[in-house]
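Novice: For reference, the structure I am asking about is given below.
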Amino acid sequence: MQMDAVVILLILAFPIASVYVLFYHKKRVDGLSEPPGPPGLPFIGNFYQLYKAPCIHEYLCTLSKRYGSLMTLRMGSVPILVVSSPKMAKEVLKTQDLAYCSRPMMTGMQKLSYNGLDVAFSPYSEHWRQVRKFCTLELFTQKRAQIDFRHVHEQEVSRMIARLSETAAASKDVNAFECFSNLATSIISRVAFGKRHDEDGIGKERLQRMLSELDTMLSVYFVSDFFPMFGWIDSLTGMRARLDRTFKEMDMFYEELIDDHLKPDRPESLTEDIIDVMLKNKGCSSSSLTKDTMKAILLNVFNGGTGTSASLLVWAMTALMRNRGVMKKVQEEIRSVIGKKGNVDEDDIQNLPYLRAVVKETMRLYPTGALLIPRKTIESSIIGEDKDHMYMIKPKTLVYVSMWAIGRDPEIWKNPMKFVPERFLERHDINYQGQQFEYIPFGAGRRICPGIHLGLTTVELALANLLYTFNWEPPVGTRFEDINDETVNGITLQKKNALYIRPKTYMFS
């Protein structure tokens, strides 16, 4: 939410708050109250506290240490439940999943998902169940990620390594996010529509700019999300017009991609891309896939498949630069297994347990979704850590599960602030399938991310080749100790300061 919108809102809220404080009394339902939380101001609730927090996920983590693993806040009239323990995460995401399985229709999400036609942001409905089934069984299968698109991953990683080799030869630094974002965008472009984003006039700059604006519009809160009566402020500040421009540009982009696939003279590809699969399914009489639904799914593919993978690679390299002993150990594993073959391919990854532990540890300490995509309750429920601390959660409550807090809880993880991949060598039972609720980087339950295999394949293969081919140093004049891990708000966890690193080509003796 922009600063000018905040000022206008606070000025308008004051007289309403005066009336509110006279007549509002907190009610108990069936003898049960809502979970505790920080006191807020009349009418606006905890809005100002959350707005001024530099990093909301860190602020909520700090608050949970005081108020507990179930904590209530309010943004205007909207109640928010923050969940910060594995036990309560399991209750919300599995045991009582049906009560918590919907999504709030935030302004940005609603507009950009074609009024909830996608799989990630759509409210719980029959439409969502059908789209989810299609994505799980047709689009994002393990076979499609690891076999059908194997050549895409390996070719694009090789292209990245070749560019970095030129950088190393010139003794230049690399902006890690730009490098990894370019890789992820190239892979997703080929997977989604069959060609690299810098081919045939698609335009690298155009696509990168659109994806950046898309991420912003999905991350930002609009005044109308929490204060509907003041929704006109979004128009006054230009946010509504900005959202409309973003939607129009993305819609035109999707339209171009789909129309290109419908051309009768389009060359056949050996591997179906995602648009091919959707068009084939759309032609079936039983299909519910409309063109707008296809576009909404493409939103999830681009938003979830580019920023998340790039961010995870940045955090992995950040952690390794800050922990040189771990860097050395994982490089020794990779180089001893691969030898002088020249590159790491997907078949090699299963023989690199320490590398895979590094990826897991990165997602524990730096989860790309520090707060899982919010859910919205569709019915009342009663939850609590024990029988003496049971609470009533009302319908239409926004629910955030804090992976940031769970991943850094000393009662769950030994030395949680230290980067120790060995913990995942000792815990072979921990995986990405959402069964161990102390570790659910991709979510859990019926809302678990369907694109797990595609994202993991990209990250593991890229990281393995980065560590196999190069040694890494900070820029000249910078020490390893100067590399920090400060974060900023966003739909995916981002570094506050860009990571610049210098590759040095490793020479086998």
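Sequential numbering from 1, following the chain as shown.
Placement of Cβ uses the backbone N, Cα and C atoms for every residue, glycine included.
Positions annotated as transmembrane segment by Swiss-Prot, on the basis of sequence analysis: 5-25. Marked as site 'Substrate specificity' by Swiss-Prot on the basis of similarity to another entry: ALA120, GLY304, THR308. Taken from Swiss-Prot, the feature region 'Substrate specificity' applies to 368-373, supported by similarity to another entry. Taken from Swiss-Prot, the feature heme binding site covers CYS449.
For each listed feature, how buried is it and what is near it?
Specialist: On its own chain, ALA120 (site 'Substrate specificity') has SER113, LEU299, ASN300, ASN303, GLY304, ILE373, CYS449 as residues at least 6 apart in sequence with a Cβ closer than 8 Å to its own Cβ. Under the three-state DSSP scheme, ALA120 (site 'Substrate specificity') falls in the coil class.
The Cβ neighbour count for GLY304 (site 'Substrate specificity'), using a 10 Å radius over every protein chain in view, is 25.
Within the same chain, residues at least six positions away from THR308 (site 'Substrate specificity') with a Cβ under 8 Å of its Cβ are THR368, GLY369, GLY455, THR492.
Confidence in the region 'Substrate specificity' (368-373), given as mean pLDDT, stands at 94.
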Novice: Any residues 6+ beyond the ends of the region 'Substrate specificity' (368-373) with a Cβ under 8 Å from its own?
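Specialist: Distant contacts of the region 'Substrate specificity' (368-373): 56-57, 60, 103, 120-121, 308, 311-312, 315, 400-404, 440-441, 443, 447, 487, 491-493.
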Novice: I want to verify one value. Collapsing DSSP to three states, which class is THR308 (site 'Substrate specificity')?
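Specialist: THR308 (site 'Substrate specificity') sits in a helix per DSSP.
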Novice: How many neighbouring Cβ atoms, not counting its own, are there within 10 Å of the Cβ of CYS449 (heme binding site)?
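Specialist: Around the Cβ of CYS449 (heme binding site), 24 other Cβ atoms lie within 10 Å.
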